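Among the features that TrEMBL reports, domain 'Phosphoribosyl-AMP cyclohydrolase' is placed at A:34-108. Residues or ranges marked as Mg(2+) binding site in TrEMBL: A:Asp81, A:Asp83, A:Asp85. Among the features that TrEMBL reports, Zn(2+) binding site is placed at A:Cys82, A:Cys99, A:Cys106.
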Protein chains: 2
Amino acid sequence: MIGSDKDWLSAIRWDADGLVPAIAQDATSGDILMMAWMNEEALRLTVAENRAIYYSRSRRKLWRKGESSGHVQQLHEIRLDCDADVILLKVTQEGGIACHTGRRSCFYLKLADLRWQPVDPVLKDPEAIYGGGH
Amino acid sequence: MIGSDKDWLSAIRWDADGLVPAIAQDATSGDILMMAWMNEEALRLTVAENRAIYYSRSRRKLWRKGESSGHVQQLHEIRLDCDADVILLKVTQEGGIACHTGRRSCFYLKLADLRWQPVDPVLKDPEAIYGGGH
């Protein structure tokens with residue numbers, strides 16, 4: 001039984017790199033905003049600070065979502081799946097934009113006619129979000 | 001630009017094992033049902049057969065979701081994220097049960113008081129789903 005005696009962090013089945021996938025879902029609309037990765041520190045801090053904090057595999061460091069964009073994800077609820085190897089965050093997305101392209105969700109490419117077609121609008125120019133430094 | 005010239009399958013950034021995470025979301029309710037993995041063949045067949053087909057990392061073979069439980073996921077839409085390394089499936093979950101524990105969603109463990117607590121009901125005894133062979 002998960003969580004009965006074990007510490008909540010050690011109950012998680014981290015992968016060979018010490019990471020788990022974390023899905024961010026809009027707590028109100030149910031829309032899936034993004035998927036990123038967490039190490040143990042990121043998950044612990046997510047709970048401690050009540051906001052989504054990921055681990056950037058490319059930058060190899062913690063990524064406080066919104067640190068450069070202001071698009072913080074306020075935490076409502078955390079769930080774990082039956083295999084204890086995927087995290088689900090229910091969040092409020094500040095600014096209504098989760099994606100670095102300026103879209104609400106990162107999943108804006110839809111398969112249609114066997115092509116990935118962008119179907120969601122850019123709500124804000126990334127230059128305006130990141131000041132051209134992204 | 002993703003998908004403009006490239007084949008839709010080769011546009012995907014498969015990981016070192018040739019896999020991508022695939023999130024299954026209920027097309028009607030927006031609930032997240034599960035996350036599993038796909039290789040190129042699984043994704044190609046998912047589209048060809050219009051149902052979710054994953055790659056089981058533990059069994060090292062294709063996993064036609066529902067093959068033993070009958071809980072097939074009928075495909076409505078496929079999306080890809082901005083990094084081209086996560087798939088989102090919008091599905092109709094036959095039987096209303098995605099999880100091998102007999103629950104609607106695999107994400108039935110909620111963090112409360114720093115413990116993972118099961119908060120969703122078992123809709124059907126797994127013994128009745130799998131005939132005790134699971």
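Glycine residues also receive a Cβ, built from the backbone N, Cα and C atoms like all the rest.
What you are looking at is a predicted structure, and each value in this text was computed from that prediction instead of being measured.
Annotated features, which come from TrEMBL, shown on the structure.
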{"residue": "A:Asp81", "record": "Mg(2+) binding site", "DSSP (3 states)": "coil"}
{"residue": "A:Cys99", "record": "Zn(2+) binding site", "DSSP (3 states)": "coil"}
{"residue": "A:Cys106", "record": "Zn(2+) binding site", "DSSP (3 states)": "coil"}
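Between A:Cys99 (Zn(2+) binding site) and A:Asp85 (Mg(2+) binding site), the C-alpha separation comes to 24 Å.
Comparing local CB density within 10 A for the binding-site residues A:Asp81, A:Asp83, A:Asp85, the maximum falls on A:Asp81. Considering only the binding-site residues A:Cys82, A:Cys106, the Cβ with the fewest other Cβ atoms within 10 Å is that of A:Cys82. Across the domain 'Phosphoribosyl-AMP cyclohydrolase' (A:34-108), the prediction's mean pLDDT works out to 97.
Around A:Cys99 (Zn(2+) binding site), a 10 Å sphere centred on its CB holds 23 further CB atoms from the protein chains shown. Between A:Asp81 (Mg(2+) binding site) and A:Cys106 (Zn(2+) binding site), the C-alpha separation comes to 22 Å. Between A:Asp85 (Mg(2+) binding site) and A:Cys106 (Zn(2+) binding site), the C-alpha separation comes to 22 Å. Recorded residues A:Asp83 (Mg(2+) binding site) and A:Cys106 (Zn(2+) binding site) have their alpha carbons 25 Å apart, per Cα-Cα distance.
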